[in-house]
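Copied from TrEMBL, the annotated features are:
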- A:6-26: transmembrane segment (TRANSMEM)
- A:33-52: transmembrane segment (TRANSMEM)
- A:58-80: transmembrane segment (TRANSMEM)
- A:87-104: transmembrane segment (TRANSMEM)
- A:133-153: transmembrane segment (TRANSMEM)
- A:185-207: transmembrane segment (TRANSMEM)
- A:219-246: transmembrane segment (TRANSMEM)
- A:267-286: transmembrane segment (TRANSMEM)
Amino acid sequence: MTAYLLNLATLATIFGILAASLNVLIGYAGIFSVAHAVFFGVGAYAGAQVALNLVPDVLLASLAGGLLSGLLSLCLALPALRVRGEYFVAASLGLQMLAVTVFSEAHSLTGGHGGLVGIPPASLLGIDVSSPWRFLAVCVGALTLSLVSIAILMRGGFGRGLMAIRDSESAAEALGKNVPALKTIAVAIGCSLAGVAGTLFAFQLAFINVESFTLEQSVLLMAMVIIGGAGTLLGPLVGTLLLLLLPAVLSFIPFIPATEIGTVQQLVYGLAMTLLMIFRPAGLAAPSTGRR
Amino acid sequence: MPGSLLSVRGLSKEFGGVKAIQSVDMDLVEGVVTALVGPNGAGKTTLFNLICGHISPDAGEVQLAGRPIRGERPHTIARLGIARSFQDLRLFGRMSVRDNVLSALEPTAWLWQPGGRRAARARLHKTEAALERTGLSALAGARAVDLSYAETKFLSLARILVTEARIWLLDEPASGLDPVSRARFVALLKEAVAAGVTVCLIEHNLDIVTELADRIAFLDRGRKLAEGEPAAILRDPELIGIYFGEPRR
Ligand SMILES: Nc1ncnc2c1ncn2[C@@H]1O[C@H](COP(=O)(O)OP(=O)(O)OP(=O)(O)O)[C@@H](O)[C@H]1O
Ligand SMILES: [Mg+2]
């Protein structure tokens with residue numbers, strides 16, 4: 001039981017980083033990417049390869065995962081500079097589909113459909129951190145660091161620049177904002193963080209394959225951000241907890257037959273999301289709207 | 001033209017057959033308030049969009065103090081000292097009033113603005129002063145979407161006056177204002193002009209034009225039909241006929 005809870009807590013922490021990183025794009029820069037799982041995946045594969053072939057050091061692997069995701073984020077930044085709104089959503093959808101194909105076919109890098117197995121237990125600067133408690137601590141540390149950095153950046157001029165672009169790109173330009181630069185940097189930050197989350201995920205599961213990096217995952221991440229409250233610091237965490245723990249909680253309800261849990265989950269998810277968007281469109285963590 | 005800070009020569013722009021601007025020449029002279037007047041669809045907003053680089057012209061030149069700026073990106077032109085407002089304001093709706101203004105002082109895209117804490121304090125100071133001048137101090141923490149109509153117009157103005165740009169291009173900044181707010185706006189603009197700002201103002205209300213403008217450029221269907229002293233332009237029966245929509249030959 002403890003093992004189960006520890007695993008759940010670690011996954012929630014990792015998804016917290018993911019949702020917070022997507023929030024930089026969606027909530028602050030207004031870039032509605034449905035390709036975030038791609039960068040989660042890139043980070044996971046890169047981190048896993050470092051662990052498998054070099055050393056299983058979380059810091060080194062995360063650095064590699066974050067860096068590669070940050071570099072490849074240019075694939076997302078490019079369309080973000082050219083198109084907005086629904087057109088960008090379509091472009092990022094294309095990238096997501098492309099990436100899933102690459103993940104499934106590039107056997108030498110990703111292990112293809114079978115994925116990468118036997119990722120060694122994690123260490124951190126020579127210390128073994130592979131026990132569930134220790135690895136949870138590592139993940140909590142990473143989450144805290146991510147949130148603090150995001151908070152600092154978004155409270156400053158950089159964050160205001162992104163939000164200005166989100167609210168009116170042309171007005172931001174007219175006030176001297178270098179929109180392409182701001183967007184590119186925001187995308188790079190968000191995607192690198194997703195890459196770090198990916199590496200942590202690879203260590204936690206010791207096994208990864210393309211199933212975790214599909215469109216469905218991207219949509220779930222987007223739902224976490226929006227339900228929790230896009231553009232708020234803690235909203236994505238609230239959304240993550242809700243959407244990640246919901247299945248867990250449902251599976252403990254005694255009168256649902258085990259075979260039906262999936263269906264019930266989908267129903268509750270769908271209903272909750274629809275109701276939420278009707279009654280709290282700005283998300284759970286957003287301050288309730290009122291004048292002044 | 002002597003003293004011309006911004007000069008526009010032969011500027012043209014067509015939108016799928018609509019000649020929005022046709023070889024327009026215009027000079028903004030330092031310290032002079034020019035009103036851009038003309039009926040709906042005359043091309044006034046398009047002229048601003050062309051000058052500021054939001055859309056690129058089919059032909060023509062724009063020079064700022066002798067330096068060609070045609071083809072530059074909007075943010076580059078803004079940093080050279082041309083500030084503009086939008087007819088539909090385009091405030092940063094989900095940001096606070098203070099952040100709307102403060103953001104206008106933070107041009108770099110890097111993670112940190114240059115100058116450290118000290119510069120940051122100075123920016124905050126300028127922001128508070130701009131809010132004070134536009135009467136928005138009490139609303140500094142409110143979100144822009146929650147403002148009343150007149151307040152949004154003043155916030156749009158505050159974003160511009162805080163930048164210390166040399167040239168202001170204002171697109172109907174006083175439209176729909178109540179008399180008190182309008183008087184406040186006129187006073188504000190006069191203050192800025194006295195401080196050396198060069199203004200080009202799109203305005204439909206001829207009372208405001210008369211009160212503020214030193215010159216009028218009259219635009220109709222993309223062409224500049226006339227330019228000169230307000231008294232002369234406003235006395236021209238043909239222009240007034242066009243302006244008030246009399247049937248045309
Ligand atoms: N981006 C655009 N695409 C297509 N047509 C445009 C565009 N911008 C302006 N136009 C057209 O160009 C013409 C001039 O429009 P513009 O907005 O410049 O007029 P205006 O003088 O500002 O009018 P108003 O007083 O109503 O604001 C209009 O016929 C308009 O429909
Ligand atoms: Mg207009």
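Our numbering is plain: 1 for the first residue shown, then up by one each step along the chain.
Each Cβ is built from the backbone N, Cα and C atoms, and glycine gets one as well.
The stretches the transmembrane segment (A:6-26) and the transmembrane segment (A:185-207) meet in space: the count of Cβ pairs below 8 angstroms, excluding pairs fewer than 6 apart in sequence, reaches at least three. Recorded stretches compared: A:58-80, A:87-104, A:133-153, A:267-286; the one with the most Cβ pairs under 8 Å to the transmembrane segment (A:33-52) is A:58-80. Two recorded stretches are said to be in contact when at least 3 C-beta pairs lie under 8 angstroms, sequence spacing 6 or more; the transmembrane segment (A:185-207) and the transmembrane segment (A:133-153) meet this definition.
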